[in-house]
Structures are given as C-alpha cells and as structure tokens.
Amino acid sequence: MGVQIGEYIPKKNITLEDLRGKKVAIDGMNAIYQFLSSIRLKDGSPLKNRKGEITSAYNGVFYKTIHLLENDIIPIWVFDGEPPKLKEKTRKIRKEMKEKAELKLKEAVKKEDVEEVYKYAKRVCYLTPKIVENCKYLLKLMGIPYVEAPSEGEAQASYMAKKGDVWAVVSQDYDSLLYGAPRVIRNLTTTKEMPELIELNEVLESLKISLDDLIDIAIFMGTDYNPGGVRGIGFKRAYEIVRSGLARDVLKKEVENYEEIKNIFKNPRVTDNYSLNLRLPDKEGIIKFLVDENDFNYERVKKHVDKLYSLIESKTKQKTLDAWFK
C-alpha cells in the first residue's frame with residue numbers, strides 16, 4: 001500500500017549511468033509484486049511452468065539482476081520477516097481487493113473483454129511463501145547477496161543505507177523515507193518508466209520540516225499500520241497541522257496506537273547479520289532450476305548465465321586486486 005505522499009515531494013529523473021559503481025538495497029517483496037503483475041502474456045496471464053506454477057517472479061529476479069550488474073550496479077535483495085501486528089488490517093484490505101479483482105476478472109472472461117481481462121488479471125497476483133523462498137534460492141545460485149529482515153524489509157534496507165553499506169533503497173513505495181533512508185530510487189526494477197531519485201534531505205528542506213514531522217504527515221494520511229489515516233485530512237491539512245506544532249496532540253487523540261506506529265518507523269527491528277559479498281554463480285544449479293524445473297528457454301538462460309559468471313568473476317577479481325594494493 002505504502003504512504004501516498006509522492007506528488008508532494010521533490011524527485012528527479014536519473015539514468016543507470018548515474019548509479020554505476022554503487023550498491024543498492026532492493027525491497028524484495030515490492031519488486032517481486034511488480035514482476036508478478038507486469039511480466040505476463042498478451043492475454044494478461046502470468047508466466048507458468050508445465051505444472052501450472054507461476055514463474056514470472058523468477059524471470060524478473062534473474063534477468064533484472066543481471067541487467068543491473070551489466071550496468072555496474074550491485075543489487076542487494078532484502079526480504080521481509082515477521083510483519084508488525086499493526087499491519088494485519090492492511091493485509092486484510094489487500095486480500096479483499098484481490099478477491100474483488102478476481103470476481104471482476106471472471107466477469108471479463110465471460111464477456112470476452114480482452115482489455116478488462118488484462119486489467120484485472122494484473123491485479124490478481126498472490127505472492128506465496130514458495131515463490132519468495134524460490135526467489136531466495138535463485139539468488140543464492142546466482143551468487144547474489146540477500147538479507148532476511150527480522151521484520152519490515154524496507155526498514156532493514158533503510159538501515160543499511162543509513163549505515164552507508166548501500167547507496168540507496170530501491171522501492172516503488174515511499175515508506176523507506178519514513179525509516180530514514182537517505183535516498184530512495186523508484187522505477188529501477190521496472191522497464192517502462194525512467195528511474196527517479198528521491199533524497200530525504202531535499203524532501204525535508206523543501207517542506208521545511210523534520211523527519212519526525214514527515215512521519216506525522218504520513219500517519220495523518222494513512223500508513224500500513226493505520227490504513228485510511230485520519231478521516232478528512234489530506235497532505236495539505238496534515239502539513240498545516242504539523243507546521244502549527246499541534247500534530248502530536250491531534251494524532252494522539254485521533255489515531256489509536258499513534259505512539260506505537262511512530263515507534264515502528266523510528267525504532268524498527270533490524271539486523272547487522274548480513275554479508276554483501278558477491279560469489280561465483282552455480283551455473284548448473286541455475287540451469288536446473290530455471291530450465292529443467294521451470295521450463296525457461298535453455299539458450300537464453302545459458303547465454304545469461306555465462307554473462308552473469310563473467311560479470312561476477314571480473315568484480316571479485318577487481319575486489320581482490322583493490323584489497324591487495326590497499
């Protein structure tokens with residue numbers, strides 16, 4: 001769901017060239033949802049193997065990761081752990097939205113309305129635990145680091161960015177800003193839109209507010225922990241209240257669990273238990289998983305596996321040389 005503040009904050013278009021030589025932390029769940037909804041056949045149906053299992057996510061993880069490495073960008077994938085209890089309402093809302101989309105999809109299929117079928121098919125995508133575990137397994141075979149967050153992946157990615165272990169967080173949502181990520185990149189895991197860079201300092205300076213204030217504005221408008229926010233209050237009114245200095249008093253009165261929600265953003269559960277080192281890929285393992293088990297095209301996969309091996313080999317050799325001459 002994410003925080004709906006995008007139209008009110010400064011952002012700028014960037015190119016892949018601007019990110020050369022940088023590590024970025026990818027919000028894994030966010031990216032996989034994108035792959036599931038966008039990597040589809042012309043009729044709107046997702047890619048599947050012969051057993052009928054959806055494989056769109058594996059396609060996205062494999063080819064997008066290699067594409068970033070080709071542009072000298074090192075992706076570190078970060079996955080969600082146990083969500084905060086306050087997120088349960090948002091999870092229910094998402095489930096209901098998908099169920100409604102499924103009904104609309106069935107109606108569109110009956111009417112043979114191709115456009116409507118495609119529209120609603122994209123909304124009916126379930127990210128199952130098996131898909132997530134298989135994506136992690138694929139990344140391991142590829143030699144790409146991934147981090148398992150103790151709770152919210154965006155919080156963990158933001159923590160890594162604040163530490164300087166990665167340059168930015170990659171996510172379509174803006175929530176990472178609330179966790180204090182110094183930079184957020186949108187549209188990096190999509191193909192149709194130009195990447196956008198949002199810098200936290202620029203956001204705060206342009207609005208003349210603090211990070212605490214930004215969190216309060218988000219809570220007014222609604223977050224994953226209080227979906228819907230405070231009735232009748234949008235960005236402009238929330239901004240006015242924040243600037244008046246009355247935000248905390250109003251939110252304590254209007255939002256149940258206000259202090260707990262704010263604490264999730266200010267003191268999230270994170271870990272230092274991760275490695276950012278690339279490893280040489282398991283060529284045979286990748287081919288077995290993608291081609292033998294999930295029916296990907298052998299020639300295309302083999303070509304990209306060889307490319308991946310070459311890219312990581314050159315990067316690990318360079319790292320060894322750099323360490324030697326330090």
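Please read every residue number as a count from 1 along the shown chain.
Placed from the backbone N, Cα and C atoms, the Cβ positions cover glycine too.
What TrEMBL says about a protein is an automatic prediction, not a curated fact.
Note that this is a predicted model, so its numbers are computed, not measured.
According to TrEMBL:
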type: BINDING; residues: Asp27, Asp80, Glu152, Glu154; note: Mg(2+) 1 binding site
type: DOMAIN; residues: 1-101; note: domain 'XPG N-terminal'
type: DOMAIN; residues: 140-209; note: domain 'XPG-I'
type: REGION; residues: 1-98; note: region 'N-domain'
type: REGION; residues: 116-245; note: region 'I-domain'
type: REGION; residues: 317-325; note: region 'Interaction with PCNA'
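Structure with TrEMBL features highlighted.
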residue	record	CB count, 10 Å
Asp27	Mg(2+) 1 binding site	29
Asp80	Mg(2+) 1 binding site	21
Glu152	Mg(2+) 1 binding site	27
Glu154	Mg(2+) 1 binding site	30
What kind of secondary structure is Glu154 (Mg(2+) 1 binding site) part of, going by DSSP in three states?
helix
Summarise the domain 'XPG N-terminal' (1-101) by DSSP state, stating how many residues are helix, strand and coil.
50 helix, 19 strand, 32 coil
Any further residue of that chain within 8 Å (Cβ to the Cβ centroid of Asp27, Asp80, Glu152, Glu154) of the recorded Mg(2+) 1 site:
Gly28, Met29, Asn30, Val78, Phe79, Ala149, Gly153, Ala155, Gln156, Ala157, Ser171, Asp175
Grouping DSSP H, G, I as helix and E, B as strand, the residues of the domain 'XPG-I' (140-209) number 26 helix, 14 strand, 30 coil
